[in-house]
Amino acid sequence: MFRGASAINLDTKGRIAIPVRYREPLQLEHQGRIVITVDIQSACLLLYPIHEWELIEAKLLKLSDTDKTQRSLKRMLLGYAHEVELDGNGRILLPPPLRQYANLDKRIMLVGQLNKFELWDEQAWLQQIDECQETIRSEELANNERLADFSL
């Protein structure tokens, strides 16, 4: 399970180093294979260990190619999807179209989301956190049925 936020750097070749604490589980459970695609709701990337991505692909396979919305979702997620592999130094290469989509430059945030990671431009991440705090403070949280009995 992936949790926590890590500040990392994008090198001049477009690579990032996955933090050491995640490398062993990625290597042992997923042979170091990761699929990167776009988040369709935010300007960030999603990094799925290969076995998690295969579950997403199975869901996408069930979507209709004749329904415009479903086809659009498939095009975005699959069209941007790139499979990468951790190198010997725990790095992965982020393809240019993905870097452009998420406006990734030098400073990046890798954010664990249990079964996947989000990859954000550092400034966009800080702005997103502010927006999340606003949402949590608003009545939207109190009025959300699925969160009615959620307790920490």
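In case you wondered, yes, glycine gets a Cβ from its N, Cα and C as well.
Annotated features in Swiss-Prot:
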DOMAIN    5-52  domain 'SpoVT-AbrB 1'
DOMAIN    81-124  domain 'SpoVT-AbrB 2'
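If you look at the domain 'SpoVT-AbrB 2' (81-124), the same-chain residues 6 or more away from its ends with a CB under 8 A from one of its CBs are 1-11, 13-20, 22-23, 26-27, 31-39, 42-50, 52-53. Here the domain 'SpoVT-AbrB 2' (81-124) has, by DSSP, the following mix of helix, strand and coil residues: 9 helix, 19 strand, 16 coil.
Broken down by DSSP into helix, strand and coil, the domain 'SpoVT-AbrB 1' (5-52) contains 14 helix, 19 strand, 15 coil.
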